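If you check Swiss-Prot, you get these features:
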| type | residues | note |
| --- | --- | --- |
| BINDING | LEU1050, GLY1051, GLN1052, GLY1053, SER1054, PHE1055, GLY1056, MET1057, VAL1058, LYS1077 | ATP binding site |
| COMPBIAS | 1356-1368 | compositional bias 'Polar residues' |
| COMPBIAS | 1403-1412 | compositional bias 'Basic residues' |
| DOMAIN | 652-750 | domain 'Fibronectin type-III 1' |
| TRANSMEM | 981-1001 | transmembrane segment |
Amino acid sequence: MMRNVQSFYFLFLLIVLNFHVVLSAVCIGQRATTTIWLNQNGDCQDVGFCQYLQNCTCWHGNLVVKSTKYYDEENFKPYFPKLREITGYLLISLCTLKFFHLFPGLTVIRGGDLILNYALVIYYNEIKEVYFPSLTAILNGGVHIGRNHRLCYVNTIRWKSIIKDIHQTGQYGIYLESNKLNCDLGCLKGHCHPAPGHDGDPKAQYCWGPGPKKQQNKAQCQRFCNTQCGPEGCLDGSDHICCHHECLGGCSAINSTNTCHACRKYRIKSTGQCVSKCPRKQYLVDKFLCQESCPYWSINSTEYHHYLWQGECVTKCPVNYISNNQTKKCEKCKSGMKCNTVCKYQDVMADGTLYNGALIRVPSDISKKGLVGCSVFEGSLTFQLQEGTGKAEDSLNELKSLKVLKGHLKIQKSSLKSLNFLSSLEVIETPQNALLHNKYVMAVYENSQLSELWPGNESIIVSDGGIFFQYNPRLCPLHIRNLQDRIHYKNGSKVTGEVSLQNNGHKVLCDTQMLVMHVEEFIPPDLNMETDMTAIECNSFKCVKVTWNFTMTSAYNNILFYAIYFKELQSNQEAVVQLDNECQNNDDWNVITVDIPKIESLEQSLFLQSKIISKLTPYTRYAFYIKEIVSKGEERSSHIHYINISQDLPSEPLGVEASFLSENKILLKWRAPSKPNGIITAFKIYYNKPDYSFWEEQKVLDWCSRDASRDKNAKDVAGYPVNKENYNQYCNISCVCDEEKENSKAIKADREAHNFNVEFQTELMRVLFTKNKFSYRNKNKSPPKIDFSKNISLILSNKILTSTSTTVTQAKIEIIEEPKVTVNGNIFSYVISGLDYFEDYELKVCGCTVVGCRRPSSTINLDCGIVQARTGVNLTADNLDSKMVRVQVQLDSYNISWIAPHKPNAVILKYEISIRYALDKDALVICRPGYLPTYIIRKSRFGNYVAKIRAISPAGNGSWTEEIHFKVAELSVTKNNNQLIIGIISAVSAVIVALLVFILLYMFLHRKLEKDVQGVLYASVNPEYMNSKEVYIPDEWELNREKIELIRELGQGSFGMVFEGIAHGIGDHAELRVAVKTTNENASIHDRIQILQEASIMKAFNCNHVVKLIGVVSQGQPTFVVMELMGRGDLKSYLKERRPDDGGIPLMRQEIYQMVAEIADGMAYLAARKFVHCDLAARNCMVASDFTVKIGDFGMARDIYERNYYRKDGKSLLPIRWMAPESLKDGIFSTASDVWSFGVVLWEICTLASQPYQGKTNEQVLNFVLSNGHLDYPEGCDYQLREFMSLCWHRDPKMRPSFLEIVHVLENEVDDDFVMVSFYHEMKRKALEDIYMKSESYIKSDAYTMSDGYTKGDGNMQNMLSRSQNRKSAIEKSKERLSISSLDSGTYVEKYDANDTPEEIPKKKKRPRSKRNSAVDSNACETKPMLRVESLYDNHDAFSENMQYGDTPVGKSDLMHPETNRELRLSEIFYGKPIPV
């Protein structure tokens, strides 16, 4: 019984365990790389293979996913959820899928094979989003994601957590380039945080997409596992429960080797179990799988035989072992037995031809191409190792076992210093057809670093051919001679050596005989099927044809071949052939070898030879010369010939950058192309919105449950890494001659990136367009093919290299895009305006030469610079119109409707409707998606309600509308009487509505008839062309239109454009520069009346610190208002120009106080004239050419001569950020409210035109100011200016200082020019003159106040007589520093002395004003000692009894603190106590 229970329990455990077991299906491709073809609908083109791959959990090999233009009627969607492991690389390119979700279960990419060091490549696709939610490990190789102009969520992945090889750094590690910029990235709120050990920021988020979506309710988070678990990974659904140590990348059950997603070492193919070593009777295959037999063990197949060696299946036996085809084993060589490890390899060259041998470009090619441990290599070996590819000698030592080479040996343009790795070479058996140039068994040439060969005295036996050593500047000829003595043919004779003693080692090249050569640019003929490949290349590239004479001489047998040398030169540079030192050598010459012609008859004595050289740089000067390479005797060469290659289309501009300037402007910058290929005549700019926008997914994404988040990682510059978490700094170390160094690091970086992209694209082309097939393809269908005869040049230019066929598929028609802007070739920036708010734009810059212009191309070869940018935010674009919000109440429900914003920021994502029941404290906020109709209908209980609405866009939240109050009435009737009551209510409502409409119409017409000029409707026969003189009476200010000449636009005014112009014959001026305000052509009559009313207001002003009116042109259209020209524009723009961060000169302290005094003086003048400005701000203050600041823009000014304040009616736009609390609350505008605005202007000056209340909406500003709030004082600003602001922002308008008082305090801070022309000093001088005249006449008077005029006292004659002499003396002293203002603001009179009388003062001679000093004062915003508050005059003693503020006399003693004996602060003078700042 117990045994049965134990058996049952064991069986139960086995069932539970097997429930978690994932059956492993390892699939092995018949080729190293297999392609998944997708048609235009995204269906599998090869259904057989896709069905086969769907059942695979591991793919042994490389996978390529790409689309084809060809279409088969299949409906098989690619989806491979079981695939968890790829042993090679994964390439996704030329794919038109929108969302790439093909491999949701892919966990590990081993990187056994790489594309230029990359294991995952996503390149040049139209994919918007990739999704690898299970990917946790890339064992070898890096990640390259580039040229995907729609792909977002690239930088929200922490690639460093996926790449496991810490040595994969720099551009060969993680390279993310030219993907979609300005993505609005945001992972699902509250999700996607990394596990411990991956990121120091616990709030960081990493995800593959926004999530959730309707199709899948997932957060799309990147999968993380606690780093303490190591590479084995975590249990599915957990980030801290570790898997078995034999696992890799994760598992589906813990403590089990059967549930691993991938194996850390080996996997048993039959069961999927992960093991550290293969069990008995199973063999290790490809260092990856354990299986019962080696693959391809077949009697009929010997090509892919595997052999057993120490429990492993190998394709070749190691050193000292020999393969036995009978036993399929590697047997150890017996003593005295000749034991060789035979290797062979067939390489593919860049042009697609096969090379019977191995081409070694990088050290890793030794192991990648199976050459490690080879003793016999059947094929040729070519070494072209470039500098910077690693320690080549260490990797090449793996070839030290090479003894027999059955091909030629070629070492060319290599960075090798020694050939010691060939020290074991004994035999070179080269077939006749394998000789290099049909002559050479060994060729070593153009190796700049090679200094020694290999040591030893052993002989080397060659079967045929000779040796060739040329242009090895560091290789001593003695070494070559020693090696040559050791090389013998099989018959014992020494090998012939074609070795030049002139160009091996440090020798100077010299010629005794000259060859005749001719060079000309080659124009290819029309293409046809008989055209050779060289001519086809010349159709796309520049070519040169080199021709020379070959003369038959007795030395014919000594000529090996001809070498054509050529190189690029500067414009007028001469070429020099020399080998002087390390930097100036012959390595900068390119060389092409040409075989000598075959002599059919000895009677021929003269031959004409030619060679076409292609791929030359257009618009470049080249030098050419040709030389004979001989085995012995003298070498002949030609003179150096020069040729200028013609122009061609330029390459793409470099450094294309875009940044927003405002809500509808983008600044586009670029640099000249790296290959201009001629003189750049123009640049054509294309821009449009991308055909895909992230916000178009608003119908799929639930924005009511998420917040819109901008990409905070995105940089302004396109094409550079944006997420520093995924990048390591790198640099290329190489020897560069001083004269070749770039002047600009940015240009050098651009060129290095360009060269790297060329290298990567070349390797990518080799992978993408290599012929490939798979055995599971449907046999009833032929693969896609192309007819080359249709368009050879198109095939070459687009690199479409596929199989040939007799069937032709219709090509996709490309829409030609027209340029939006064309600029000159010497311009490298442009401001694009008129764009939509907060929208993404794709901008392209294409260069032009005299040959033509590049155009944006849809192919992988990009011809234009491409960048993406987004415009700025319009702060009011998302605001809803409160007037358009409607509420309809129907019994127990209500309907709220509104009108969407006309031009929002990007798109409205959602609306928030706040509804509060009158008896409830909190409001209910309802979300309405932006794509739905703008209304909501809700059931409700009876009572009063308050509602408001706001719109939310990608730019943020709009302002709330005004609150709407409505009531849902209680139902008090029975259900049976509902219809009757509704009918009665409807009838009564219709009658009431009709009466209301009639009454409103009557009132509207009646008011229209009674309006005055500001609102009168003037009748006219032709109202749209109404003449201004019907509403405006010309006076002495009227000017002749013909005397006004408009020059250029200055900007937009209140009613139309503002122009700079010249007024001819105005007053004493022959020509006077003026500013001219005009109305728009389509301006209404009301606008024309308004501009004339503004001009009428200005007629009353004559102050140096108020913009002056020159005249009016009211006759005809358009109306002109001619004003004084303010050459430096408005104060706000001028302050921005002075920002040090933007290269401006900071304001000095004197300038700040001068500006403040001039503004206060101008406002004091307006206050004295009983005018309230209502819109005082830095934008409405103007700066003249001599830096004088004046008050301007009276569009809102009102005359309040008979009342002290103005209550504004209506609801027009108001400058809320500058308005006083009483203006915001009650609509009261007065001089005191202008003082509040003046304080805001002070704040603008101190912050150099920053936005007041930055970060707050208008609604928030309104509530903040009404809640006793005001602006924060600028940091580091002068203490007195801060105290001025505090005084101006007093809550009680009566407690704010007047403008004259402000100027009085600043009197000692202004320059002499201000004293001559200010309104304040003019009032002061009038008071002085009045006192002077009355003192002379002994008029009975009391003390006078000098602040705003003078007042009479008690008339004490004796006191007046006793003080008159002192007063007169003080006046005469004060007059020495005063001068009288002239009516001409541009001049002032000379100073008068004490003997001048008031009648003599105006007779003084005028002289020009001095320019203001604009020197830099770095301490302009630092705290200064307190201003000295003095009396109106310098002499305290003389006038201490005559000073007063209001009704309180102020003397010298009153200006001192009674306890500390210090000077009083401004607030202490005005209010009697300090006001805290």
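Keep in mind that glycine also has a Cβ here, set from the backbone N, Cα and C atoms.
Long-range Cβ contacts of GLY1056 (ATP binding site) within its own chain (separation 6+, distance under 8 Å): LYS1077, THR1078, THR1079, ASN1080, ALA1083, ASP1087, ILE1091, PRO1118. Cβ contacts within 10 Å of GLN1052 (ATP binding site), excluding its own Cβ and spanning all protein chains shown: 10. Cβ neighbours of LEU1050 (ATP binding site) (same chain, under 8 Å, six or more residues apart in sequence): MET1057, VAL1058, PHE1059, GLU1060, ALA1075, GLY1129. Note on the domain 'Fibronectin type-III 1' (652-750): mean pLDDT across this stretch is 65. In the three-state DSSP classification, GLN1052 (ATP binding site) falls within a strand. Its Cβ placed at the centre, VAL1058 (ATP binding site) has 18 other Cβ atoms within 10 Å.
DSSP assigns VAL1058 (ATP binding site) to a strand.
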